[in-house]
Amino acid sequence: ILLNWTVMILYNYFSAMFVGPGYVPLGWTPEKSQDCMYLQYCKVCQSYKAPRSHHCRKCNRCVMKMDHHCPWINNCCGYQNHASFTLFLLLAPLGCIHASFIFVMTMYTQLYNRISFGWSSVKIDMSAAKRDPRPIIPFGLSAFAASLFALGLALGTTIAVGMLFIIQMKVILTNKTSIESWIEEKAKDRIQYYQTGETFIFPYDMGSKWKNFKQVFTWSGIPEGDGLDWPVRDGCHQYSLTIEQLKQKADKRVRSVRYRAIEDYSGICCPVTKGVRTCFTTPCTEEPRIALSKGDLILATRGLKHWMYGEKILDSAVDGGIRERGWFPRKCVEKCQYDSETDQPVDGEKKNR
């Protein structure tokens, strides 16, 4: 049985790794040219981002139905390998639960006649393995330590991977990805912030958990559709989600605040020279850091107590240059009092808009 667990776990693991998530074809455009106005354009892939696709910095491609980039499979979890990845998250804890049961029963049966309970101590006689010839496999101190260590690994894997499986099943049963759940939360925040009165309905939720489940898991192992066009629920547009993304992108530009660098920053993750708190509170994320030179302008969109995230304003950005976005220490920048484009205070501009 353990061998079967191992084969199924490794099969789904390598399937998720080598099959890949599926990428938007380079230079892809929608069939109707007027639909381009509903889509974002990727300068790296030189193509429009299809609905539910996102550009991955690690893979350097636009991934179809991207959920996240997983370092354990060194690939993205997306349209083609979402089922294999989720099955791996299910089978790994089940196999570890089976292994944990074996370890517990092994230690229990081997130690049952070797433990003596005194008034002040508990003694384990591990030398019984040498005196008793009945056990086929000798159970000494080293075997006990190895079994205890393996039991800890199995239980830790069960808890950690099992929680990831629960998270994945929650988004699958609502036919969402982790990124789309985040987009939906930001949509609610945008509507509440501006009091527009509109209602955002997630377009890919079929209204039934079973129908959403079948969007990912099929008997053939091949997911439905082509990864570019998706069925939507009644009353929703094919580009409802992408239109909301464009609105959030415009809102992000409005809410961004302009800062000017007052210190140089090399772009390392833990800058010791910027203070102990800045060094030890570095953001726990795969998002990059950007190097700063004194006088650089940055549009900050979000931040922590000692760190901020934003985009460096480059002269080549107007000409289609590659954008530089990432984290940088808060103490290296100061807030600009006036926006150079409108010559108005940034806070006032944000409030008016």
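Cβ from N, Cα, C; glycine included.
Per TrEMBL, the features are:
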type: DOMAIN; residues: 254-338; note: domain 'SH3'
type: TRANSMEM; residues: 87-108; note: transmembrane segment
type: TRANSMEM; residues: 136-167; note: transmembrane segment
**Prompt:** Going along the chain, which residues at least six beyond the ends of the transmembrane segment (136-167) come within the CB cut-off of under 8 Å?
**Reply:** 86, 89-90, 92-93, 96-97, 99-100, 103-104, 106-107, 110-111, 126, 129-130, 178
**Complete:** The mean pLDDT across the domain 'SH3' (254-338) is 84
